[in-house]
Amino acid sequence: MNPNQKIITIGSISIAIGIISLMLQIGNIISIWASHSIQTGSQNHTGICNQRIITYENSTWVNHTYVNINNTNVVAGKDKTSVTLAGNSSLCSISGWAIYTKDNSIRIGSKGDVFVMREPFISCSHLECRTFFLTQGALLNDKHSNGTVKDRSPYRALMSCPLGEAPSPYNSKFESVAWSASACHDGMGWLTIGISGPDNGAVAVLKYNGIITETIKSWKKRILRTQESECVCVNGSCFTIMTDGPSNGAASYKIFKIEKGKVIKSIELNAPNSHYEECSCYPDTGTVMCVCRDNWHGSNRPWVSFNQNLDYQIGYICSGVFGDNPRPKDGEGSCNPVTVDGADGVKGFSYKYGNGVWIGRTKSNRLRKGFEMIWDPNGWTDTDSDFSVKQDVVAITDWSGYSGSFVQHPELTGLDCIRPCFWVELVRGRPRENTTIWTSGSSISFCGVNSDTANWSWPDGAELPFTIDK
C-alpha cells in the first residue's frame, strides 16, 4: 500500500469513528430527554429545592410547592374548583374561642417594610382566608407615616395579604382605592367594595375578580361608608350594608344584594330611632345577621337580620352586658337603645345563638383598651346582666380598637356547620400615644371551638416611640 492509500484509509476510518461517536451522543441525549419527560410527567418546572410559587387563578390565591428531588419535580396543591358558598348551615356549637392568628405588624415594622394601616378585617373563600386592610400609602418608621391619624385621604387603599402575615409591599395585593371598604368571596370570585372621594360626593367602586362592575354614589352627600369587615355571600348572592348621613343622628341605611359584582336589588331601612354603622355580618341558615355600631345614642348594639329577598327585622341586643364603647357599667339592659353613655362608639360584633349571645367588647368602659368575650345565655332577649362565661383576650392595660366577625364555611373546614370567628384591631400611636407621629395597628383573630381554650392577653407589644418619632 503506497503512502497515499494509507492516508486515505486512515482518514476513512477516522470519519467512520466520528460518525459513530456522534450517533451515540445523539442517542444518549434522546434517552436522557425521554427519561426526564417520563419522570416529570411532561412538567417543565425547574429551580432550586423548596421553591414556593404563588399563582392567582380564578381570583383565588392558590399555593403550590415544587420540590426538586434528583431532577424529579413533585407538585402538591389544592383543588381550584369553583363552588357556590351556600351559607345554609347553622353556626357551629362552641364553648370558647381559640387563638387563630397574630401578625405582630407594629413590632416587625420597627425594622421591616410594613404598611401603616388601620381597619383590618378577615374574609375566607373555600380555599383560604386573607387579611384585608386600609393602608395609608406609607410605611412604618418612614416620614410619610406622619399625620396618618386622618381617616379619609386620597392615599388610602384596600389591600390584602396572607392571613397572619405582617402586611408589606412584598406580600400584599392591591384591591381598591378606598378609605372605607368590605370584601367577600362567593366561591367563584372575590367581591371588593372600596369607597373613596370627597365627603360630599364619595363613590363606592365594586369589583368582581378585580374588574370594576358597578359604582354607587353617595345619596345623602354625608360621608358614604360601609362595614370595615367582610360582606356575606349566600347561594351566589353577596350582601352588604352602607350608611350615608350624620354620625350623631338619624342617617340613611341601605342593604345591597350583589351578584358577580352587579347590584340587583337594594332597600333602605325604615329605622328612624336606630343608628347603623360599620356592621359586622355573618350567614346563619341561609339568612344574614348584622350587629352594628350605634354612634348616635346607644351603648348596646343594634342588629338587623334579613333573608335573600331583603325582608328584614331590626332591633337592639337586650342584654344588660353592654357591648359598645363608651358604655355604662353593666346593669339593666333594653331591647331599644340604652342612651346612657350612648354617644360615640366603636366597631364591634356579636353572635346570636337562639336567645343567647356571645358579646365581644373592650374591657374598659371608656377607652379602647382590653378585649373580652362574654356568653350571656339569654342576652338576645332578656335585659339582665347575668352571664355564664367570660374569656379574656387582651388585658385592660393594653390598647385594642375595632373588632369584627368573619366565618369559615363548611366548604373550607369540612365541618357540617359554619364556624364563627372574630378579629381584634390593636391600634398604636396617635391620638392616645402622642410620642409618635403616626397611627397604625396590628391584629389578632380567634375562632370558635367546642374544646379547651385559654384566658390570656395577646397585646400588640411594640415598644414606642420609633426612630422616626425621635
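Heads up, the Cβ atoms here are built off N, Cα and C, so glycines get one too.
The topological domain 'Intravirion' annotation in Swiss-Prot covers 1-6 and rests on sequence analysis.
According to Swiss-Prot, the topological domain 'Virion surface' annotation covers 28-470, on the basis of sequence analysis.
If you look up Swiss-Prot, you'll see Asn44 (among others) marked as N-linked glycosylation site, on the strength of sequence analysis.
Swiss-Prot lists Asn58 (among others) with the feature N-linked glycosylation site.
The N-linked glycosylation site annotation in Swiss-Prot covers Asn63 (among others) and is backed by sequence analysis.
If you look up Swiss-Prot, you'll see Asn70 (among others) marked as N-linked glycosylation site, on the strength of sequence analysis.
Residues annotated as N-linked glycosylation site in Swiss-Prot: Asn88 (among others). The Cβ neighbour count for Asn88 (N-linked glycosylation site), using a 10 Å radius over every protein chain in view, is 14.
The region 'Head of neuraminidase' feature in Swiss-Prot is assigned to 91-470. Looking only at the region 'Head of neuraminidase' (91-470), the predicted model's pLDDT averages out at 98.
Annotated disulfide bond per Swiss-Prot: Cys92-Cys417 (among others), in sequence order, evidence recorded as sequence analysis. Around Cys92 (disulfide bond), the same-chain residues six or more apart in sequence whose CB sits under 8 Å from its CB are Leu415, Cys417, Ile418, Arg419, Pro420, Gly448, Asn450, listed in sequence order.
The feature substrate binding site is assigned by Swiss-Prot to Arg118, Arg152, Glu277, Glu278, Arg293, Arg368. Within 10 Å of the Cβ of Arg152 (substrate binding site) there are 16 other Cβ atoms, across all protein chains. Mapped onto three states, the DSSP output places Arg152 (substrate binding site) in coil.
As annotated by Swiss-Prot, disulfide bond applies to Cys124-Cys129 (among others). Classification of Cys124 (disulfide bond) by DSSP places it within a strand. In the structure as shown, the Cβ atom of Cys124 (disulfide bond) sits within 10 Å of 22 other Cβ atoms.
Per Swiss-Prot, N-linked glycosylation site is recorded for Asn146 (among others), and the stated evidence type is sequence analysis. DSSP assigns Asn146 (N-linked glycosylation site) to coil, not to a helix or a strand.
Of all the Cβ atoms in the protein chains shown, 15 others lie within 10 Å of the Cβ of Asp151 (active site, proton donor/acceptor). The active site, proton donor/acceptor feature in Swiss-Prot is assigned to Asp151.
Under the three-state DSSP scheme, Cys231 (disulfide bond) falls in the coil class. The annotation disulfide bond is assigned in Swiss-Prot to Cys184-Cys231 (among others) on the grounds of sequence analysis.
Per Swiss-Prot, the feature disulfide bond maps to Cys233-Cys238 (among others); the stated evidence is sequence analysis. Cβ neighbour count for Cys233 (disulfide bond): 26 (other Cβ atoms within 10 Å of its Cβ, all protein chains included).
What Swiss-Prot records for Asn235 (among others) is N-linked glycosylation site, and it gives sequence analysis as the kind of evidence. The Cβ neighbour count for Asn235 (N-linked glycosylation site), using a 10 Å radius over every protein chain in view, is 15.
Site extent for substrate: among the recorded binding residues Arg118, Arg152, Glu277, Glu278, Arg293, Arg368, the largest C-alpha separation is 21 Å. In this structure, the CA atom of Cys233 (disulfide bond) is 29 Å away from the CA atom of Gly298 (Ca(2+) binding site).
If you compare Cα positions, Glu277 (substrate binding site) sits closest to Gly298 out of the recorded positions Cys129, Asp151, Gly298, Cys335. Nearest by CA distance to Cys421 (disulfide bond), out of the recorded positions Cys231, Arg293, Asn455, is Cys231.
Put simply, Cys292 (disulfide bond) is 6 Å from Glu278 (substrate binding site) when counted between their Cα atoms. Taking the C-alpha positions, the distance from Cys335 (disulfide bond) to Asn88 (N-linked glycosylation site) comes to 27 Å. Around Cys447 (disulfide bond), a 10 Å sphere centred on its CB holds 20 further CB atoms from the protein chains shown. For Arg293 (substrate binding site) paired with Asp151 (active site, proton donor/acceptor), the C-alpha to C-alpha distance reads 17 Å.
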